[in-house]
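Quick look at what TrEMBL annotates:
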type     : residues : note
ACT_SITE : D304     : active site, nucleophile
ACT_SITE : E359     : active site, proton donor
DOMAIN   : 166-523  : domain 'Glycosyl hydrolase family 13 catalytic'
Amino acid sequence: MPGAEMRGVCCCVFSSTLSYQSFGIQRRSDNGLVLREWAPGAEAVFLTGDFNSWEKQSHPFMQKEYGKWELYLSPKVDKSPVIKHLTKFKLVVLTKTGKYLFRISPWAKYVTKTLDSVTYDWTHWDPPQPYQFQHPRPPRPSSLRIYEAHVGISSPEEKIASYKNFTRDVLPRIKDLGYNCVQLMAIMEHAYYASFGYQVTNFFAASSRFGTPDDLKHLVDTAHSMGITVLLDVVHSHASSNTEDGLNYFDGTDSCFFHGGSRGNHSLWGSRLFNYSSWEVVRFLLSNLRWWMEEYHFDGFRFDAVTSMLYHHHGIGTSFSGNYSEYFGMHVDEDALVYLMLANHIFHKLYPQCITVAEDVSGMPGLCRSIEEGGLGFDYRLSMAVPDKWIQVLKDVRDEDWDLENIVHTLTNRRKGEASITYAESHDQALVGDKSLAFWLMDKEMYTNMSALIAMTPVIDRGIQLHKLIRLLTHSLGGEGYLNFMGNEFGHPEWLDFPRKGNNESYYYARRQFNLVDIEHLRYQQLYAFDRDMNLTEDKYGWLAAGQAAVTTLNQADKVIVFERSNLLFIFNFHPCNSYIDYRVAVEHAGKYKTKLNSDKLQYGGHGRLVQDTEFFTEPLPFNGRAQSFLSALAWIQQETPNTALEMEMNPWGGFSLNFKLFPHT
């Protein structure tokens, strides 16, 4: 293809991402309204609503080429638009079989539902004074520390919280905790609240159950004012099977946006699967991403269920061993692959600071390599094996039998040159049927024994110490970014369960009890304080942005892990009953080491057995493949409380000496 022709194709693809400016409803400068839809299987299309007393056939669209339909509504005599702000309306689609179907435009920017209604209405959003953003996007973080959040459950109250609640009550906590990115779930409108936002019905509409579009814009704007990057959890892998308020059977056929027949249905999720070979579908999805970037000023996306997109089998009944034959063959959906490459290419060109994260359980090679290298172009992938490993260990293995070599292998088993977001737990682990790490560790004693006014029981002691160690080890060893699900930073008890018939529509477990961390005498504050200082220490020294760690000690018998990363030295003692005096650790650089983060501090729920200001001096004694070493103490443990972790951090001090950081855990 000649260069000029190629440039023309590229220009066409980029401009197609602005299709949200021509499809749906658009107001012209004279207040006339133009409506455009793509409904190739329709016999006719009409507009109905409050403006015409819901007359079904009074306002027909004109049929255009390529399955397009268009309607022009002249302004009123007073020059105002026929359809005003907050007017409710719908499309009426006449099928080839003669049926009239009520539908919402796929491009609808706002949909609402009354309490007595089952389905949503297309509600015109055209405020007289559009929201004006006040703050620019913050610079892209070099070390990404993500706070995964769901607006609706962000209140301690048994209700659906709002964008305003989140902006006022949660964003300041995220800032205080040292997270520099918030990942918002369930923003794209979904009729079924209990789907956690993963059964999307209206792709361009911000969920109205949390507030208005302007409320969400204010949330993003406020986050930016705090220096917090905002990612959208985007669901382009599938769509809700709803018809009247979703995309399913939009034009009366099953293959408008989706594959026809069984290929267009996900056998486990009961949802519809996009046809990525259709140009109009690709236009729709790329425009959807552009809309969220332009209209709401999001900074990037977490792509959900990428595994389902990549393979014709959608990962169902498939275990991935890492053999390359699993990733390259006829079972790979090349159309989906091309769509993801296009999305990453376009949005990194349009927005160089854009961040894209892939949720893929298969380990697809090249997922996070550049398009130029033949990769898919994502910036990060989620390390989904890590939380599974922690849950498996806590459920099935006694502390003293933990296989540290296997744990470290899981944390470090990632492809070089492909950045990973590591996490000990996310929303997946919190859902009903599972439990948070804290609840696995302490279970029912969290209800009665979390007071700092009484002595810690062995269960609470073990739980608090291991909670800190698991999170820090994951944070420091497991990836190039870190993620925490809201509330887990302070050891949120129990699980998540959205209101549904099975629980009598209860909101009791569909909330985050931030009030627990605000009660001074409860130990939740201690876990919160440790999480905050862990993030602030990373912010200062940047281990996430450094290369992979060099593990120098992995002693299964002693239960000790030592590694160096980003000019820091980390020491963990996971032994349930042994402490060590004069324990030799290896370092590469000579100098003086000081403690920077110590999990045994009283303020973190520790026992205060290590002296914070202790200095450690290296000896020119090679050890474990390093040129230098020194003797350290790994805090002694009482009763059956867990292990001690000693973390050491190195900073250039003077010429070549280093500061050292101790991190014990009991």
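The count begins at 1 with the first shown residue.
Cβ coordinates are placed from backbone N, Cα and C, and glycine is handled just like the others.
Same-chain residues at least 6 positions away in sequence with a Cβ under 8 Å from that of E359 (active site, proton donor) are, in sequence order, R302, F303, D304, A305, V306, T307, R381, L382, M384.
Other C-beta atoms found within 10 angstroms of the C-beta of the residue listed as 'active site, nucleophile' number 21, with every protein chain shown included. Under the three-state DSSP scheme, the residue listed as 'active site, nucleophile' falls in the coil class. Taken together, the residues of the domain 'Glycosyl hydrolase family 13 catalytic' (166-523) have an average pLDDT of 96. In the three-state DSSP classification, the residue listed as 'active site, proton donor' falls within coil.
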